[in-house]
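In what follows, a single structure is set out as structure tokens and then discussed.
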Amino acid sequence: MSRLVLAIGNSRWHWGIFSRDQAPQFWDAIAPHQPFSRSDLATFLQAQDPAIVADTPIAIASVVPQQLALLPEDWPQRRLQLRDVPLTNCYPQLGLDRAIALYEAGCQAGWPVLMIDCGTAITINAGDAEGQFAGGAILPGVTLQLRSLAQGTAALPSVEISAEGDRWGMDNQSAIASGVIYGIAGALRGFIEDWRSHHPQRPIYFTGGDGELLAKLLTDLPDIRVEPHLLLHGIDRLAQAMMTDPD
């Protein structure tokens, strides 16, 4: 039987289908503007995989709690919370997505590990040798920085970035792209080098929509791993563990 997972982010819903018989499937969708009915949700899911049956339980992690109301109440759901993540030393306001993705990185690579999630906000998340949350940082993501320049200035244009360009921009668009991309990469390099001074030769995971783009600017650093769907893998891992050990 297929297993459905959903990560509700700030701007998109990230879906995954896991099963024993085939490789996982992943897709993203813009957050819906109105609630799903049961039939609408079934149609939406079966468009991705006709083998999905109605009422297949969905394991969910959300950083936007109010969007949970967009799912039909009578569709089976397992809504994960921070207390469900076996990661100790978490502060109460730690984002659920950060905790799950860091835990999954530790499960895949062992501890200590560093996980960098490059989404709307970029979060840097450290786990120590005992599998505890060891601190981190939050900074505006690529799109958020681009939007702030376009909205907060009179003369600078709106810019979209799909690939890294020349560091030395020859017009406003390329200068903005360079400043944002290389500025973020420089900040991440500083955190990585500091962490590696304490944990040499330990892996660093990049995930999130801009994870691959930013990781490409740091390929001189050893053992950089890009796992776009780290959070969805973590949700599935936790949901399966909760099914086998409901207490």
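Each position is counted from 1, following the chain as shown.
Just so it is clear, glycine is given a Cβ too, placed from its N, Cα and C backbone atoms.
Now, the feature entries from Swiss-Prot:
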type: BINDING; residues: Ala7, Ile8, Gly9, Asn10, Ser11, Arg12, Trp13, His14, Thr120; note: ATP binding site
type: BINDING; residues: Tyr91, Gly95, Leu96, Asp97, Arg98; note: substrate binding site
type: ACT_SITE; residues: Asp97; note: active site, proton acceptor
type: BINDING; residues: Asp117; note: K(+) binding site
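Taking the binding-site residues Asp97, Asp117 in turn and counting surrounding C-beta atoms within 10 angstroms, the largest count is reached at Asp117. Around Leu96 (substrate binding site), the same-chain residues six or more apart in sequence whose CB sits under 8 Å from its CB are Ala61, Ser62, Val63, Leu80, Gln81, Leu82, Val85, listed in sequence order. All protein chains included, Gly95 (substrate binding site) registers 18 other Cβ atoms within 10 Å of its own Cβ.
With Ala7, Ile8, Gly9, Asn10, Ser11, Arg12, Trp13, His14, Thr120 listed as the residues that bind ATP, the site has a largest C-alpha separation of 14 Å.
Note on Ser11 (ATP binding site): other Cβ atoms within 10 Å of its Cβ, all shown chains, come to 14. Its own atom aside, the Cβ of Gly9 (ATP binding site) has 22 Cβ atoms within 10 angstroms in the protein chains shown. Annotation note: Ala7 (ATP binding site) sits in a strand segment as assigned by DSSP. Cβ neighbour density within 10 Å is lowest for Tyr91 among the binding-site residues Trp13, Tyr91.
Fewest Cβ neighbours within 10 Å among the binding-site residues Ala7, Arg98, Thr120: this applies to Thr120. Mapped onto three states, the DSSP output places Gly95 (substrate binding site) in coil.
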